[in-house]
Amino acid sequence: MNKITKYIDALPLSDAEKSALPDTSLQAVHQALDDEHQTFAREDDSPLGSVKARLAHSWPDSLSGDQLVKDDEGRTQLHAMPKARRSSMIPDPWRTNPVGRFWDRLRGRDVTPRYLSRLTQEERESEQKWRTVGTIRRYILLLLTLSQTVVATWYMKTILPYQGWALINPADMVGQNLWISFMQLLPYVLQSGILILFAVLFCWVSAGFWTALMGFLQLLIGRDKYSISASTVGDEPLNPAHRTALIMPICNEDVDRVFAGLRATWESVKATGNAAHFDVYILSDSYNPDICVAEQKAWMELIAEVQGEGQIFYRRRRRRVKRKSGNIDDFCRRWGSQYSYMVVLDADSVMTGECLSSLVRLMEANPNAGIIQSSPRASGMDTLYARCQQFATRVYGPLFTAGLHFWQLGESHYWGHNAIIRVKPFIEHCALAPLPGEGNFAGSILSHDFVEAALMRRAGWGVWIAYDLPGSYEELPPNLLDELKRDRRWCQGNLMNFRLFLVRGMHPVHRAVFLTGVMSYLSAPLWFMFLALSTALQVVHALTEPQYFLQPRQLFPVWPQWRPELAIALFASTMVLLFLPKLLSIILVWCKGPKEYGGFIRVTLSLLLEVLFSVLLAPVRMLFHTVFVVSAFLGWEVVWNSPQRDDDSTPWGEAFMRHGSQLLLGLVWAVGMAWLDLRFLFWLAPIVVSLILSPFVSAISSRATVGLRTKRWKLFLIPEEYSPPQVLKDTDAYLTLNRQRSLDDGFMHAVFNPSFNALATAMATARHRHGHILEIARERHVEQALNETPDKLNRDRRLVLLSDPVTMSRLHYRVWAAPEKYSSWVNAYQQLALNPLALKTK
């Protein structure tokens, strides 16, 4: 079989169609496939003429009549997106310096935004009512939190051993030996630091406690007059004039999982009968060429399988500006004006059609709602770590989400996905300018969701959490290290966002959101400092002689005090604040029926195991988050390159590499405290034991085998596992199907396989006009690539080739026309583990 016959055999044609093709030359084959009989100046451009035929035979059910067009140079182009109608989306520059803004105001240059109300008198009165209620509630929260903190801090002050602050007079220390002065002051300085840190941390814990408590009462009572979900009956027809875009920004994601979830979501939308009101946009920022080709293939298959022509679109950006927020902004500028609403989906998001329809109805019923955030439920993972986290978020999460809604009402959070957004005000007010200045906290905003919610509220639009709306799902990281990688990004983003704390016009609630966002990570180094100062105080107490006389003519000594009854009372109170939300959560499950969680005994046992698991992980997260915060402030780059692995498990080597320093710290800390005072080690045991066990907990909890075993025992069971909704069952089924036909090494297939080459050529984004300099550059790219072995062609160079239809055509032609000349490429392709189902395109 010669090379021409081999090529014809690789075409997606019937035997009769193959036999009708000439076998004299490769150029003749492409000319025979070209119904339009185009002529090309170069022989290796002839595959451009057969792109349409190869696509039509490969994916006949995926193409509509007007999708294949000719670009300005007469090359076949696959229109994967509708015609753009551009809108202006211009960000306002940030003024983060309050002194500069005050000076502008003095000079009459106040640019604080003011927005006209869009509401009727009745709607304004209704809105003012809930805003007033929300303000009163938040003042109550502030009063409760501060009162509790003041009482606890006073208790803490009486517990600390050194009570002689009032007797210390700096004037008496003048001329005194410096070492004596230092030793007199040291215990009190340490105690002051401990007291300040305790107050901050206790206030943080107290706010969480009251949030969970109010969420518990909301869910227990079951009636909420301010719930946005109560504003519709639930069966109103959707307004055909207000269409919704489901947008999914992705970047180098698991293609099989992305398209499985998207297919399940779309089929659920179709089942509601409302599919005509929705379009789907897959917005790719992927820069891995293999994944890019796999995405294109999966998109074509999705369209064929759900008959999604004209409603499911795909776009890969050539310039990845501002990451995810820039991806969404680009959609809004080009196609946003065609839609009233958009629902933002993550790569792992799955939503039911009823949930999506309900979100649209809520937008229709609440004309001043700018963002409505659903409450995603975690499901779909099998590792022990993920199942434990799924159980925790499913049991505890509703309390905190309902509590957030209770305090915030329509001035709430937006989490960046599984939420519906009103497009017009988003375009007008939510464009994000880079943060001014230089350094680690300048540049493009990373945690864009909190900032977009703040800007939407600043413009007068409401931001709501539909905490009681079912049908919204997501997935969690499979293991601790993957979660920490995500936390590294979120830490940087939240620290950057805090620069906006004093920006003009921000609502106090969203200033508080910025504060809580930064405290989510800043609490870790504060907690670590609290433990370090407590340890230092114990060292001082054990190794130095107390200073009984702090004044020259003091009559009575100041004895260090130890009041264990108060210490135990304060410890118990703190434990109540930390663990009562968990108890309230399980009480709620017991009241509403524990059957879906495995029954009364198993759900209770799962709760106890989860508490133990969280105690083991808390110190580990504390140290990692401390490193993240310190590195962000010092401008250090935290490089985290994990080895490739076939599943979600953490190898033992990586576990000890990541947690080895924590294990060593735990051992040194434990031995040192045991040597000083065994009684103090008892109080410190939860910390040091967790650090010593961290590599073992991290590795074992990442095993799916252990997680599946707990699933068989009905531990950490959640309702989505006990009785999976149809959309999740469909996601699993489609994921299995996609895994069977998964495409690996997509770039090599796009070079060699006629079908995938046609697809890559038709969807290539670099549609340049002919030019002499451009031709020289193209020829250089192709020649340099073919003169090297494929493994030496790096990702960026592959992406350049993949983005140009001409270079892909020439690569394809040359490796088939002269296989002996380019044997390194041919041999590399033949050695690939080919998946016959992935190549079965017809």
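Backbone N, Cα and C atoms are what each Cβ position is placed from, and that goes for glycine too.
Summarising the annotation, Swiss-Prot assigns transmembrane segment to 140-160 (among others) and lists sequence analysis as the type of evidence.
Taken from Swiss-Prot, the feature transmembrane segment applies to 194-214 (among others), supported by sequence analysis.
Cβ atoms under 8 Å from those of the transmembrane segment (513-533) belong to residues 190, 193-194, 197-198, 200-201, 204, 207, 413, 447, 450, 453-454, 487, 490-491, 494-495, 497-498, 500-501, 621-626, 628-630, 684, 687 of the same chain, restricted to positions at least 6 beyond its ends. Look at Swiss-Prot and you will find 513-533 (among others) tagged as transmembrane segment, backed by sequence analysis.
Residues or ranges marked as transmembrane segment by Swiss-Prot: 568-588 (among others). Same-chain residues lying 6+ beyond the ends of the transmembrane segment (568-588) with a Cβ under 8 Å from its Cβ atoms: 152, 155-156, 159, 202, 205-206, 208-209, 212-213, 216, 219-220, 395-396, 398-400, 603-604, 607, 610-611.
Swiss-Prot lists 600-620 (among others) with the feature transmembrane segment, giving sequence analysis as the kind of evidence.
Residues annotated as transmembrane segment in Swiss-Prot, with sequence analysis given as evidence: 622-642 (among others).
Residues or ranges marked as transmembrane segment in Swiss-Prot (evidence: sequence analysis): 656-676 (among others). Away from its own ends, the transmembrane segment (656-676) comes close to residues 481, 535, 538-539, 542-543, 619-620, 623, 684, 687-692, 694-695, 698 of its chain (Cβ-Cβ under 8 Å, at least six residues beyond either end).
Long-range contacts of the transmembrane segment (680-700) within its own chain (CB-CB distance under 8 A, at least 6 residues past either end) are made by residues 384, 479-481, 531, 535, 538, 613, 615-620, 623, 649-652, 655-656, 658-660, 662-663, 665-667, 669-670, 673-674, 706. Residues or ranges marked as transmembrane segment by Swiss-Prot on the basis of sequence analysis: 680-700 (among others).
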